[in-house]
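Student: Look at Swiss-Prot and you will find 8, 9, 10, 11, 12, 13, 14, 15 tagged as ATP binding site. Feature annotation from Swiss-Prot assigns substrate binding site to 10, 11, 12, 13, 14, 15; the stated evidence is sequence analysis. Taken from Swiss-Prot, the feature site 'Interaction with substrate tRNA' applies to 103, 124.
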């Protein structure tokens, strides 16, 4: 069974579209969803990631949700291996795997079957120590000195990716980008659709989404996760919303002041997602505001299933 992938920026309605597809195919083909949102991998990180509740999943099986504790580090390599096994198992039992998410590296690693550069714990630890000593901005400048292209593609505030880039450069002797695959035929011949909205409309959706998270108890969720080790999490503690609430609580606030930084950070992240996904010529884009998106996706998937080429844009 050839999979379907629903990708695109945060807040565009990808999960709802996937559920609509499952309902439209009910009685014809069973559908199972494979999550491709890195922060939804974490148990207890529900409100701030807009994770569907069990009831909201409408009986559709979901995979790669709630598989990590907040103290564990999420890695693209681990996700790729586990999610690929899920896709293969779903297809083997005659169901349709629908990959849903907007975590850029996670999506592409799965669809392009990335092979990952070697890692060395000692080299990684040395660069992490260097990060702690000089700070993220200085380490970003050090990366720029040895790999300008990598530095240009990594945010100066993203210490984890800066460390990884420096580790790869040291271990391989090549630029970080040289380890990344090119975009080719998608794994499993997956049909890929992207969902997006006009910018001003999406910004308003993101504003409402952020407000809803805080009204539903994001601050209380973060407080509860602190007791489970959130501050010690390398990746979980940096998640949008969680990082901002943590910072406000640590500064003596009640968490409410994190609302605006969370919205601004989410909007900035959406711009990065758009830039990333728009370069992928394999994606067929849909307007989130348009009617009939479920039917449009199913037409594309049926064409791909029958072996027809992707229609020209």
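In case you wondered, yes, glycine gets a Cβ from its N, Cα and C as well.
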Student: Quick one: of 14, 124, which of the recorded positions has the smallest count of other CB atoms within 10 A?
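Tutor: Comparing Cβ neighbour counts within 10 Å for the recorded positions 14, 124 gives 124.
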Student: I need the least crowded one of these binding-site residues (8, 9, 13), counting other C-beta atoms within 10 angstroms of each C-beta.
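Tutor: The binding-site residues 8, 9, 13 were compared, and 13 has the fewest Cβ atoms within 10 Å.
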Student: For residue 10 (ATP binding site), write down the residues of its own chain that are at least 6 apart in sequence and whose Cβ falls under 8 Å from its Cβ; none is a fine answer.
Tutor: 102, 206, 266, 269, 270, 273
Student: So of 12, 15, which of the binding-site residues has the fewest other Cβ atoms within 10 Å around its own Cβ?
Tutor: 15
Student: Which of the three DSSP states, helix, strand or coil, fits residue 103 (site 'Interaction with substrate tRNA')?
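Tutor: Assignment for residue 103 (site 'Interaction with substrate tRNA') reads coil.
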Student: May I ask for the distance between residue 15 (ATP binding site) and residue 103 (site 'Interaction with substrate tRNA'), taken between their Cα atoms and rounded to an integer number of Å?
Tutor: 13
Student: Pull out the recorded positions from the set 11, 12, 124 whose C-alpha sits within 10 Å of the C-alpha of residue 103 (site 'Interaction with substrate tRNA').
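Tutor: Candidates kept after distance check: none.
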Student: Which of 11, 103 has the fewest nearby Cβ atoms, counting only those within 10 Å, among these recorded positions?
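Tutor: Looking at the recorded positions 11, 103, the Cβ with the fewest others within 10 Å is that of 103.
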Student: Which residues, in sequence order, are found in the same chain with Cβ within 8 Å of the centroid defined by the Cβ atoms of 8, 9, 10, 11, 12, 13, 14, 15 at the ATP site, excluding those residues themselves?
Tutor: 102, 195, 196, 288
Student: What does DSSP say about residue 9 (ATP binding site): helix, strand or coil?
Tutor: coil
Student: Name them in sequence order: residues not among 10, 11, 12, 13, 14, 15 whose Cβ is within 8 Å of the mean position of the Cβ atoms defining the substrate site.
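Tutor: The surrounding set, listed in chain order, is 8, 9, 16, 50, 102, 195, 288.
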Student: Measure from the CA atom of residue 13 (ATP binding site) to the CA atom of residue 124 (site 'Interaction with substrate tRNA') and give the result in Å, rounded to a whole number.
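Tutor: Their Cα atoms are separated by 37 Å.
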